[in-house]
C-alpha cells in the first residue's frame, strides 16, 4: 500500500478541507456573491493571481518608497578632497600667503571643547529666570561683554537630526546630515567625506582628541593621540567629563598638538537622565563654567579656544528632532589677542545666529587649511572682519569659499542657480564700497546654495511619511479583507475584483499625473508628477476594490475562530515590539520566545488529538521537535552593539572576529548527509520518494556537499586552517576553485534544477499481482502536489545555503527541517488556514537572527557579495546579498503553499486549490506588511529618540526591504511554483470535471485501478 | 473536529477538589505564599539569586505539603492528616518533575550552559508550586494526566493555580529585556515572582470559576 498510516483517515482529513469539499460540490457554503458562482478556468485563475501579486509588489513598493523618501534623508557622497595648493584665478586682489594653504593662518593652535547638548539659553544671561539651567554657565557671556574684541558668542543652529554622530559629521565636513549617504561605505561609521581633521592629518598637523568615542569611531586613524570614552551610558554623568579634564589641558600644554579636541557628555547625560529642570544640571553647568575658566587661564596668545554644543535638548532633556530647543546650541570663540569684530547688538542682548556648518570654513581658514570639499557653510563674518571691521579680509575668504562651493556644485551636478555664481564673481571695481558689495554678493550666493541643498536633503517630509503610512496600511487592510473571504468567493470574485481595481487604477494614475503636471493640486502640493501618479495608482486600486467589495461582500467575512485569534495575537506581539527600544534590540530573543510559545501551543494541541488518531504520537513528537529546533536555532547569535555585555556572539569564532570557526564547516558536512535523509523520511510516509524525488534528493546531497567544500576551501583562504600541501597554500588557485563551485551551485539550484523540476512528479506506477489479477498502484498519489513542491523549496534552499556563512548554513539546514516538521504537524492538527502562514513567517523572521544578522547596517554580511564574483557585478553580487540577508524569510515564503498542498491527492477544481494557495500567500505577506508598518510608524513616533538612527530607522529599513523581497518572492512562488505544480498534476491525472475520475474513487486506497481505468 | 469535542466534554469525571471552607483556606494560603515571596526578596535574592532561592526551597516544600495535607486532603469522613505519606510521595515526584520544567525553561530560551544552578532552582520552585498539588490530588492516574497536559480538565482552583503558575512565569520574562538596569531584572528573579503571582491569581480565578459554576447549577435546579 502506498500509505501505512491509515490511508482512509488521511484521505478523509484531506477531504475535510474546504476546497476539496467545494470541488466535489458537496456541502458548499452558499457563496456571498449575488450571481451564480462561475468558477474560472484554471489558466485564468493562474494569470489573475500573478497579476494580483504583481499588483501588490507595485502597491507596496510605492508605499515603502513614499515613506522612505520622507523619512530617510539621502544625498550622494562625493569622496573628493580639496587640494592644499589651489590657485584661484577669479580671486579679486588675492593677498600674499607665506605659509598656510588657502589663507595665512591666524592662530598657531586651537582647543576645541564640545559640551554635548549645550543649549543656547544655558550660556546666555537670562535675567529673572530661576530655572536650574539658567545663569549657571556665565563665563561666555561675561567675556563677550567685557572683551568684545577677544570673545565671540552666538547662537549655533544645528541641522536635524540632532544626534551627535550626525552633528559631528556636519561640524567637520560642512555638509548637511542625512541618514543614507548613498554611495558611501555602509559597513562602517568611518567618515569618507573630506573634513578638516583629515586635512590636518594630510598636512602633517597633529590632532589630539579625548572624551566621546564617536570622534574616535569617525576619525580614529587621523588622530595623533586620543583618549576615547564610552558615550552610550547615559546613567554616568562623570566618567567622560573627568577624563576630558584629566587629559585635555595637559595635551594642549605639552605643545605636541596643533589641535586639541575635548568632548564632554555630562550635560547631555544629565538631560537624558534627569531632564534639564534638575539640580544636577546646575551642578554640571557650573562645573563646565569653572573648567572653561581654567582653560582660558592657561591659553597663550596664539591659541584659539572654541566651545560649542553640538545640539540642544528639548524640555525633557532628549534630542534628535528639529524643535527650536533641540537645534539651538551655543558657539563661543575666544583668544587672548584682539581678533574678532565686536557684536554691535550686545547691549540689547542680541546675538548673531549662525548655522553650525559655518564653523567648518571658519575654522579651516583661521587655521590656514583648505576648506573641505563638500562644505556648504560660509565663513563667520566677525571672525574675519577683525577688530577694525575691514571688509577686504572678509571678501577674500568669502571668494575662496564661494569658489569651493561652486566647485562642489558642479561636481555634484546641481543646476547653476540661474548663473548666480557668474554674477557673483563679477566685480565692479569702479563703484564705491566695492568690498562691501563683494561681501554681500558672496553671502547671497552661499546662502542661496545652502537653502537649495537644505530643501533637497534635510527635512523630514511628513506629507510623504503619511502617504507611506496610508498606502502600506491600506494594502494591509485589502489583504486582510481578501484573505478573510470564503475560498469560493476568493476564486469567484478574483476576475471582477482585478478588473475593477485595475481599470480604476489605470484611469487614476495617468489622471493624477496629468493633473499634477498642470499644477491642478495647487502650489503647496508636496509631490512631483511621478510620485503623484504613484499615489493615483494606489487611490485607484483602493477605489475599484472598495466599490466591488462593498457591493458584494460587506457582510460575508468569516467569523474569527480560535486559530484566527492566535494569528492576531502572534502578529500583535511582533508588532508591539517596536514600541520600545529594548524590545526592538532584543527582537532576536523575543522571537525565539514567541516561537517556543507557539511550539508549546502546538504541543498542547497535539496532545488534545483523540488517542484513536493514529497520527497523535507523530504530532506530539513533531511539536517537541519544533521546540527543540527553536531552541537550537537560538544558540547561534550575533550581538549588536546595544546588547552590551549581556550577550556574546556565537555566530563567529569570537566576539571580536568575523570569521567562522572551523567546526561549523564540519557541521555543514554532517548536515549534507542528514538533510537528504530527513527529506526522504518525510516523503517516504506518503510513498512519494519515487519519480523525480530520487533524482532531486541525490542532487540535494551533491549541492550541499559542494557548498561544504566551498566553505572548507574558504577556511584555507582565510588562513583559519593551514596545510603544508602546496595545493592548499595556493590562495589564488583556491579562490578560483571556490568561484567555480559557487557558480556551478548557483546555476544548478536557480536554473537547471528548476527547469527539470517543471517536468517531474514524485509518483511511480507499481504493478502487483493480487489474487491472480494484475493490478497497478500509483505510489505517491496521496501527496502528489506537496512532495513535488517540496523539491522546489529545496532548490531555493540550495542557493541560499551557498550564500550563507557556515554556521548560517547550518541554521538554514535546521530551518529547512523546522519547516518540514511544521508543515507535517499542521497537516495532522488540521489548523485553520490562516495560522500556518503566520507561523512560517515568524519562523523566517526568527532565523534571520540565527543566521548572523541583526536589524543594523553593520551586521550586513557584505563579504558574501563576492561569493560568486571577484568584483561587484550585477546581478550576482546583489542576488547573493539579498539571498544571504533575507534567506530565512525567503525560504519561509517559498514554503508557504506547502501548507495547502501537503499530502492531498489530486483535486478536481484546480482553480480552487490555486486560490487556496494564493490566499495563504496573502496571509504571509499581510503579516510582513503589519510588521513593516509598525516599524515605520514607531520609527516616525520615535524620531526624537536618542537612538532613532541606531535602532528604529534600521529596523524600518529591514522591514521595508523584507516586505518588497517577500512580495517579489510571492509572485515567483505563485506564478512559477504553485501554477506549474497544479497544472502539471491536472494534466497528468486529468482532474478536470470532464474527466472520469470521480470524488469517491480518491477515497479508495487502491488507486491503481483508477489509474488503469484512465489508461 | 467532532471527535475531539466529544473527548473534551468527556473529561475523566469531576475534580476531587474540596469546596466550601477549604476554598477560603486556599485563598489564605495563596496570600501566605505571596508573603513568602516577599520574604525571599527581603532575604536578598537580588544579591545572590541561586543561594537565596535554594535556601527558600525547603520552606516552600513544607508549606506546600502542609497545604496539601490540611486543605486539599480535607474530605468529609476522613481525618485531617491521613494523607501525609501521599504528600511526601507527591513532593518527591514534584522534585523529580522539576527536570521536565527545567527542560521547558531551557526550551523557552533559558541559558543552557551558564546559570544552570539558577535555572534549576527556579524550575524546582515552579515544579513544587504547580505540580505537587496535582500529584497529591490525582496521584498517577495516567488518563487524568493526559488530560492535564492536553488542557482538557475543567479549571478547578488547583488546576487553575498550576496553569497560571506557568503563565505567570511566562509573563515574568517580559521585563527582562528592558534597559532599566535594576537588580531584580537578573535571571530568573522575574520568572520566580511571576510564578508565585500566577499561583495566587490562578487560585483566585479557579475559585471564582467554581463559584459561578455552582451558582449556575443551583439556579438551574431551583427552576
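Even glycines carry a Cβ here, placed using N, Cα and C.
Cross-referencing A:912-936, A:987-1011 with TrEMBL places the feature transmembrane segment at A:912-936.
Matching A:619-637, A:638-656, A:695-713, A:714-732 against TrEMBL, the residues noted as transmembrane segment span A:695-713. Residue ranges A:8-27, A:28-47, A:48-67 are listed, and TrEMBL annotates A:48-67 among them as transmembrane segment. Among the ranges A:591-609, A:819-837, A:838-856, the stretch that TrEMBL annotates as transmembrane segment is A:838-856. For the ranges A:530-550, A:866-886, A:887-907, the feature annotated in TrEMBL as transmembrane segment maps to A:530-550. With a cut-off of 8 Å on Cβ pairs spaced 6 or more residues apart, the transmembrane segment (A:912-936) and the transmembrane segment (A:497-518) reach fewer than 3 such pairs and are scored as not touching. Three or more CB pairs closer than 8 A are found between the transmembrane segment (A:530-550) and the transmembrane segment (A:48-67), so contact between the two stretches is assigned (pairs 6 or more residues apart).
Counting C-beta pairs under 8 angstroms (sequence separation of 6 or more), the transmembrane segment (A:48-67) fails to reach the transmembrane segment (A:661-683), with fewer than 3 such pairs.
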